[in-house]
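Engineer: Attaching a single structure in structure tokens format; questions to follow.
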Amino acid sequence: DLRKAMSQAGTSQFQEVIRQELEYSMKVELDKILATAPSNELGHTKKDLEGFKKLFHRFLQEKGPSVDWEKIQRPPEDSIQPYEKIKARGLPDNIASVLNKLVVVKLNGGLGTSMGCKGPKSLIGVRNENTFLDLTVQQIEHLNKSYNTDVPLVLMNSFNTDEDTKKILQKYSLSRVKIYTFNQSRYPRINKETLLPIAKDVSYSGENTECWYPPGHGDIYASFYNSGLLDNLIAEGKEYIFVSNIDNLGATVDLYILNHLMNPPNGKRCEFVMEVTNKTRADVKGGTLTQYENKLRLVEIAQVPKAHVDEFKSVSKFKIFNTNNLWIALSAIKRLQEKNAIDMEIIVNPKTLDGGLNVIQLETAVGAAIKSFENSLGINVPRSRFLPVKTTSDLLLVMSNLYSLNAGSLTMSEKREFPTVPLVKLGSSFTKVQDYLRRFESIPDMLELDHLTVSGDVTFGKNVSLKGTVIIIANHGDRIDIPAGALLENKIVSGNLRILDH
């Protein structure tokens, strides 16, 4: 036993030496990169690299999944409130004064590359020529006009989206919404083998674009604070931010949740509220809220030991998942940021670059900070508050007659008998937005659709109706043209169907 203990002590000592060497090598490389920064970029580059150094230090310290499965418990009953209970409290007469304490923050760092588009994802047209950003501005403008308030919009851009977004913001100069932006950090990607940065200097254009990355939305706390915008908004009397992904079209300002935050029934304000919703079979990988060491904690699938992944995915044990719609007290962000007390698990995201080089990027998620805040709460909201558009399959849903558009907000059509969203799976021929648009002469009637699967070379004519379960499969080399005016109800269409003009 003594020999075993000595051998273990020797191993951990050896690992410590390796860690120190890696940190020293990283410091040397980062100093070289910083030395190439022009004077006007020196300040923020230094801040970025300091932030990255801290993250890298933690990455070397922490090994393996960061949750001890045995400590995971179901959250106490009162820690996740049903939305109906919050709504039942009604609204006070002075809702405008409550709204004036709010700031809407949209996470706008992502590109539209997964849908075959160049530039920021927020500039993709999603409904009647309106982009994600258009709809967001319309929603907040409607709020400000209806209640005579001044709710500002803040966009967290990345170095990938900042320039294009700023150009487009000019078109909203006459709208009744103050729009601010700040940039999330820019971190160097590291070589998977050497654990050193692949960047040799600070430039990030041309062949250097692949050397840098925005480190996930968990970076919001430090970047918001460092930008000075956090302090400015507090000075203006703002108290809460409502944070959500710009591609979640269900994430509109909810007055009942805001009232619950500002006028809590027990007199004790929450610093952090996470909107969760019930899992369906499509959401088994979503992060879930648990009780862990007497705190609410977000657990993501990447943190779960392999032996327990199936249990984590079980809809019966973990019934809810995080929508990434979050309400956070500004004063709490400032306090925790100044104490360096925001603790988020590191997500190690492996990537293979175009040239075949394997790199890793270290990221964090905004919701993971819930355990650092006092008096946190989950609210189980209707599914309609989670309407993300990640693929063209999602795009088909939001463009269809399933939803009506009013003042920038999408609501499920009252003509649909079931409030559930149909399951839509479009094949690889539809992945890019331009291909997808080319394949639909008009968006089909989907009011009575439950399930749609389309695979292969398929096009849709005008005024097609889809009902029940519809599966359309064009075999390789075949093509299926669904004729104009066709009604497909509980049908499987396969093989080759071409309607030719005579």
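Cβ atoms here come from the backbone N, Cα and C positions, even for glycine.
OK, TrEMBL features for this one:
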{"type": "BINDING", "residues": "Lys121, Gln184, Gly216, Asp247, Lys390", "note": "UTP binding site"}
{"type": "BINDING", "residues": "His217", "note": "substrate binding site"}
Engineer: Taking each of Lys121, Gln184, Asp247, Lys390 in turn, which of these binding-site residues have a Cα lying within 10 angstroms of the Cα of the residue listed as 'substrate binding site'?
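Structural biologist: Hits: Gln184.
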Engineer: Counting every protein chain present, what is the number of Cβ atoms, excluding its own, within 10 Å of the Cβ of His217 (substrate binding site)?
Structural biologist: 24
Engineer: I'd like the Cβ neighbour count for Lys390 (UTP binding site), meaning other Cβ atoms within 10 Å of its Cβ, all protein chains included.
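Structural biologist: So the number of other Cβ atoms within 10 Å of Lys390 (UTP binding site) is 14.
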Engineer: Which whole number of Å gives the largest C-alpha distance between any two of Lys121, Gln184, Gly216, Asp247, Lys390, the residues noted as binding UTP?
Structural biologist: 21
